[in-house]
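Asks: Sharing a structure with you now.
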Amino acid sequence: MAKSHLPPWLLLLLLPTLCGPGTAVWATSPLACAQGPEFWCQSLEQALQCKALGHCLQEVWGHVGADDLCQECQDIVNILTKMTKEAIFQDTIRKFLEHECDVLPLKLLVPQCHHVLDVYFPLTITYFQSQINAKAICQHLGLCQPGSPEPPLDPLPDKLVLPTLLGALPAKPGPHTQDLSAQRFPIPLPLCWLCRTLLKRIQAMIPKGVLAMAVAQVCHVVPLVVGGICQCLAERYTVILLEVLLGHVLPQLVCGLVLRCSSVDSIGQVPPTLEALPGEWLPQDPECRLCMSVTTQARNISEQTRPQAVYHACLSSQLDKQECEQFVELHTPQLLSLLSRGWDARAICQALGACVATLSPLQCIQSPHF
């Protein structure tokens, strides 16, 4: 099989997905999936949500044998797994995280940040590598037929859990942990905050638009017809997938496993402003920009408090209050409905007509280029 030229960053982004179906971030109602292939194959997201990717690739987007799809999927996962073992992959991430430790605003946190990296970074990488199961991943995507149940993930090794935290954690962990040593620091040391902050910095620095083209290179390993469809889908959806995986799954998985942090991210956090979005996500159209800002803030809040969060978003100094309130009054019901299905901000704003939509998978299939 041809060698992949994907950048090593890609594996970091896919690790949460590769660690098993328990980390799935999308949620589509059973009633929606019950509509059948007409609903499943409208988009890559819906095919994944309804676990019908294999059906759509075989019957709607192209014609290829089930065994071929299963084998190609496992080959791709194995390529990505090998990439995590490359020194350049680990060194690049390690150097970036060390720099982030150095520039922490509170200098008292710098030594402890470096200590956490020295001790737990190699252990975490090794643990994730050992948990990747190509067949289970491809079964979860619907590209391999279900067989015998796969063995569950190994429990987190004791050496991966901060031992000094175990005795101090409450019965129900909160979103913040306490000081490792009250004698060394005059204020509580928020390790969970530190963990999430470092991961968000990684998210912000990754050029998602550039990666979209790089991800499509992996499509050369699949059959010709499906390969063309794969390339179109990869270029269209990579940014969406990266935003979801990095923004939601990775912080919860890594920080939850290593630091036993709560998975409830909304407690004590300020909704991100428009400036927190990666550069390529800042639209020029005012209505699209407004929609992206409101939707992004609402996505990072628990479902119960989203209606209030949508209205509070208009208080942002970056938005025109009157235009924002008009937009919210008009679109809130549909916006909340799409948020509950797990849609990302750009897809929602395209569905609402606020942002210009690019090619859909069905348009890709009809393209004369393949």
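The chain as shown is numbered from 1 upward.
Using the three backbone atoms N, Cα and C, a Cβ is placed for every residue, glycine included.
From Swiss-Prot, here are the annotated features:
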type     : residues      : note
SIGNAL   : 1-24          : signal peptide
DOMAIN   : 26-66         : domain 'Saposin A-type'
DOMAIN   : 66-148        : domain 'Saposin B-type 1'
DISULFID : Cys70-Cys144  : disulfide bond
DISULFID : Cys73-Cys138  : disulfide bond
DISULFID : Cys101-Cys113 : disulfide bond
DOMAIN   : 188-265       : domain 'Saposin B-type 2'
DISULFID : Cys192-Cys261 : disulfide bond
DISULFID : Cys195-Cys255 : disulfide bond
DISULFID : Cys219-Cys230 : disulfide bond
DOMAIN   : 284-359       : domain 'Saposin B-type 3'
DISULFID : Cys288-Cys355 : disulfide bond
DISULFID : Cys291-Cys349 : disulfide bond
CARBOHYD : Asn300        : N-linked glycosylation site
DISULFID : Cys314-Cys324 : disulfide bond
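Map the listed features onto the structure and describe their local environment.
Replies: Within 10 Å of the C-beta atom of Cys144 (disulfide bond) sit 21 other C-beta atoms, taking all shown protein chains into account.
In this structure, Cys73 (disulfide bond) is part of a helix by DSSP.
Sequence-distant neighbours of Cys101 (disulfide bond): residues of the same chain at least 6 apart with a C-beta under 8 Å from its C-beta are Leu109, Val110, Cys113, His114, Leu117, Leu198.
For the recorded site, Cys192 (disulfide bond), the DSSP three-state label reads helix.
For the domain 'Saposin B-type 3' (284-359), the number of residues in each DSSP class (helix H, G, I; strand E, B; coil) is 54 helix, 0 strand, 22 coil.
Residue environment of Cys349 (disulfide bond) contains 29 other Cβ atoms, counted within 10 Å of its Cβ in all protein chains.
In sequence order, Val294, Lys321, Cys324, Glu325, Val328 are the residues near Cys314 (disulfide bond), counting only same-chain partners six or more apart with C-beta under 8 A.
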Asks: Which of the disulfide-bonded residues listed here (Cys138, Cys192, Cys288, Cys291, Cys355) have a Cα atom within 10 Å of the Cα of Cys144 (disulfide bond)?
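Replies: Of everything listed, what lies within 10 Å of Cys144 (disulfide bond) (Cα to Cα) is Cys138.
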Asks: Which whole number is the mean pLDDT over the domain 'Saposin A-type' (26-66)?
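Replies: Value for the domain 'Saposin A-type' (26-66), mean pLDDT as a whole number: 69.
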